[in-house]
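Report on one structure; see the data block that follows.
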């Protein structure tokens, strides 16, 4: 559709137009000078996004262009043309699935990025309906893949993608395998005979991190973000594969509802948006019911939006803003819709988490397992309030697959606590001066030849005494997720290594404090605190020690599983691969990795040395302060304010109980924090005892292990 030369021109023109603000357009002549170029670049980016699914600018940059065009057309309506991008919604349809017409159009939302936009929206709504104070329902804006669900006579009959808003793709078989979509629901209790519900398919952030952790360990590139992972999963041709992806569906709008006589129920029997979401919640749908707040007036709306922007990273799902809807559905017809969006709703978008920038150079880093990772140094760019100046390029295959070169313009994404990621190279912006990336043949740290094991995508340094590996292993051992040694962070570890104080993990427990106190930046107090933290780490539960050993593929969850099934860490040297595979969370690859680690004499020697230095390698009575939770199984859901979920789980286990990640009839308690997930509903359905956070704190407050007391806020 576009030649390479034309694409290059449009990208260059995009950069120029992004510098233009609506205040710069003062006359009709100013508008006429840019409006066709503006439409051309928006059409081009629509094509890249919706047809190729391969955008070259961020959503924020696109919205800047789109809003500029809308502003010009609103001020000079005589310049509007029937084919303007503002007059239609682009399509993402392919021929892979049958097409189906929605019962009600699935329009986009108008976007706002500041308080002024929200106040202007409120002004228009108030003027249109003649009411001084409007009641709004405000809820999180999920960053997933849009779907519509149709139920007839209480039965699920169809699921579809958004498509062009009028026609979508029928993906019913794939939707049926998503466990949070009820296959039947008693809508008839509310007089509803046929209903269409709009929703979003998502992947929980923790699940997404697990998927990416596994992919990285296998040498595969991580998925860019939960949204792309969810959208890609929905379009798989095999529903059995879809079922494996851990997808969840949230519903957030009833777009069509009629009784058995065909009478419309929206705006009369279903009068308020908040109440309609409550109905869906009570019928077993996953919805933002507990997150929705009904706000009187725009000031309350703005406060709630800002509150969520501050806590967005604590929410279990990726959200990119808030949706503000007029709560009274009976006003919707009076407010109307445009060809693009309803006038009764608007999205408040959080700060952008994508941006384009240039690769300056590439360096190669060696990790604790010897994996050599290429890291691109970037022209610094702000993404979501954080300045990003480097990004991992994963491995050689990732570089080749995306054809990444030094000097390239790249689209970077940083979502929540997900590490920055190269979404794509803007090849259309290339000038011919870009240089291919040459992967080294020798370790950049120790000079040993690099090897690429069969079946892996990662080049490795196999010299276990490689300085870079040693330092990274020590950093990991002392980290928060492992032995949690405060004051022994990355900077101090690197300094101590350079000075010869640290050459192995056991060296942590024989640091020369008399020499450290003489270093710049260290005083009597800081050295005493460091010594105390190191001494305290000797009594960590053995699951933390197992984590700290840095066994490949073994994270916190697997380490806890191993610890539950042994008395001493050294016991694992007597386990066979088959024994290990019988444990939950341990498959063939992980079992072999554990087996190999404990059959390496150097590793056994290190564990024995740690034991001689006073590190607890066996379960001792001291590890369980009191067995008040003996025989009890706890499951945690939602965000706790008293402590992290990991600390809560550790307290339960130190008190003799078991912390599980799933709810069953054998579960003793489900502890519910803020924004609980599906585990809460499952507990209710199974009759499992529910504890709120206050009840849980009451149970543990007099029994918290000493070394965890400063991590719990009572």
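Glycine is treated like the rest: Cβ placed from N, Cα and C.
162 is the residue from 162, 176, 296 that Swiss-Prot records in the NAD(+) site together with 59, 60, 61, 62, 63, 108, 109, 139, 200, 325, 349. Recorded residues residue 63 (NAD(+) binding site) and residue 443 (Zn(2+) binding site) have their alpha carbons 45 Å apart, per Cα-Cα distance. Between the C-alpha atoms of residue 61 (NAD(+) binding site) and residue 443 (Zn(2+) binding site), the distance comes to 40 Å. With respect to residue 443 (Zn(2+) binding site), the closest of these recorded positions in Cα terms is 59, chosen from 59, 109, 141, 162, 325. The Zn(2+) site is set by 443, 446, 461, 466; from the centre of their CB atoms, other residues of the chain with a CB within 8 Å are 366, 370, 444, 445, 447, 448, 463, 467, 468, 469. Taking all protein chains in view, 21 other C-beta atoms sit within 10 angstroms of the C-beta of residue 325 (NAD(+) binding site). In the structure as shown, the Cβ atom of residue 59 (NAD(+) binding site) sits within 10 Å of 17 other Cβ atoms. If you measure from the Cα atom of residue 162 (NAD(+) binding site) to that of residue 461 (Zn(2+) binding site), you get 48 Å.
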